[in-house]
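S.K.: The structure's right below; bear with me while I get my questions together.
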Amino acid sequence: MKHTHVELVWKLSLLALIGREFWLPYSVTLSLVIASTILSALAPLLFGKIIDGLTQGYNGSQADVLLLVIVYLLIQLASSGLKAISNYVAASRSETISHYLRTSLTERIFHRGANHSAILNEDRGKTLSLFSRDIESLWDLFGFAILDIIASSIMIFTLCIVVFSINDVLGIIIIAISAVFSIAFYLNGHRVRTYFAAASPKFDRMIGFINSALSGYETIVSFRAQRWANELITRKSRDVTELANRAHLRSTTFTFITSTVNLCGLLLVWLLCLPSLLQQGPAYVEITLGQFLAVLAYFAMIMSPLENISGSAKAITKGMVSIERLSSFLRHSHEPNDQPQTSGLSVSRANSPETPVIEVSGLECEGVSDAATKPILNGLSFSVAHGQMIGLAGESGSGKSTLLRALGRLAEPSGGEISYFGTTICSFPEDEFRQKVTYVPQSAALFPVNFRQNITLVERDDQNSDDLREAATAASAAAFVDRFDDHVDMERSGLSGGEAQRLSLARAFFRESSILLVDEPTSALDFTNSVAVADSLRAAARRGAVVVASHDKHVLERCSYVLLLTDGAIAARGSHFDLDAKSSLYRSIISSQGDNRV
């Protein structure tokens, strides 16, 4: 991703100081870096004066030489101390910025509306990247890369000035070497970054394939595709290795060449200074032993800041890519609809028997398939009265899950209207809506906390234990009652799919929301638990309404009526028994569930 120099400076200036609260630590850090760098550059010059005092005889007393030694040591100590403090302040500022980014992204993810949820569902890998690689890149960028470039630039400038003050010929030599090396390091760093930039997506694709191969291990074994998987992984790994090796070869070769050039520069300095030091022959450069040792130290020191600039340039490149990705992510977010267009749900309307709990009119939703929009829901219309539980049946891809997500304000309709208790769902503030409506996806979500918090989703442990037991019992998860304080190990939880599903249902029953939206709640349950959960869902409808997508006849036969969906449209509606008698499609869908669960 290309940037003009103006864009680079503007974005670094803007993001290095994300908020006014970062001005002070940034200014303090910069001041400390400048002071530490200047002291480090002056130390060899002072050391040279001490050597001259020892070899040529100091005009003053031993106390004067000792004073110089003490000042030299104090400068070294001050330089080290200032550097340590600046590193701490820089790292602390980076941690603060990382915290700011993490909390901002978390707020965007969990407190924004349907459009943002769609972004997450379309590219979860991008979201994970924002929390890991991108924030880590910005930590490196703001913590050390920018400061390293500033410190290295100041160091190079100071070294050149000091050497030039010692001797103008030697100053010109070190200035020329610095200028040539700066250009060479930049060009080499750019080329190395190009290699790594080409290797990075190949590495990501290789890791992605390895993860999918591990997830689909049983499929690969069943289809005897081990050789195919191994060959593909080997080829991808070889491509990554070749590109990385090119980068390493160029980097190590360049290091050898620059070291050789630097040694040639040192040889030139020796040739110019030896006559003056040995007092033999014509002196090309008038210099003392102490000054000569200081110049040698400066030539040794000049390579480190040049290498730091090259290394920091890589961190800046990665940081700029991360900045672009973060900016794109945040631009696609929109503000939550916390200001309702109308007043919230009134008690009188909620309790009015003639007002449907749920009313859907002409609902349409679209999705993206093969880079083109595709209709998922086509003009659905239905209503659910207070106390009713309705079922959604249909083949895979018929729109059941999309309908539930639209009802739960997790997918944005492209047309039509959804109302709860006579109020359109877009009019409810987010907090009020989530309090009244609970959505339970088919895939049970578990979190690395104890069982109690997995149900309550609240960090406090002061929730009513009787309510917890009641919710667990309703979800046929009474076995968890004695394990409420046990931690859920995400890698070795020992929970079956059915147990995880029941835990997810207990979470929904505990909330006691007015409207419950449930996707395939019994797909992983045996016969006994399926019947118990179906009865609990029917009982939950007394608080308002339940909409459940299911292939399980034990659930559907308890529904007030069932909507049979085909290609996003309502093909038929009626009770389970009516549809079972009249629709062959419905019978085939129900029979696919089977009655073999025990």
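FYI, residue positions are counted from 1 along the chain as it appears here.
Cβ coordinates are placed from backbone N, Cα and C, and glycine is handled just like the others.
As listed in TrEMBL for this protein:
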COMPBIAS  338-351  compositional bias 'Polar residues'
DOMAIN    28-318  domain 'ABC transmembrane type-1'
REGION    332-351  region 'Disordered'
TRANSMEM  21-45  transmembrane segment
TRANSMEM  65-85  transmembrane segment
TRANSMEM  141-164  transmembrane segment
TRANSMEM  170-187  transmembrane segment
TRANSMEM  254-277  transmembrane segment
TRANSMEM  283-302  transmembrane segment
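Map these features onto the structure and tell me what's around them.
M.R.: Panel annotation: around the transmembrane segment (65-85), residues 32-33, 35-36, 39-40, 42-43, 46-47, 49-50, 53-54, 58 of the same chain, lying at least six beyond its termini, place a Cβ under 8 Å from a Cβ of the stretch.
Residues 156, 159-161, 163-164, 254, 258, 261-262, 265, 268-269, 272-273, 285, 287, 295, 298-299, 302-303, 306-307, 309-310, 313 of the same chain lie 6+ residues outside the transmembrane segment (170-187) yet bring a C-beta within less than 8 angstroms of a C-beta in it.
When Cβ-Cβ distances below 8 Å are used as the criterion, the transmembrane segment (283-302) is approached by residues 41, 44-45, 47-53, 55-56, 155-156, 159, 162-163, 166-167, 169-170, 174, 177-178, 181, 262, 265-266, 269, 272-273, 275-277 of the same chain, each at least six residues removed from its ends.
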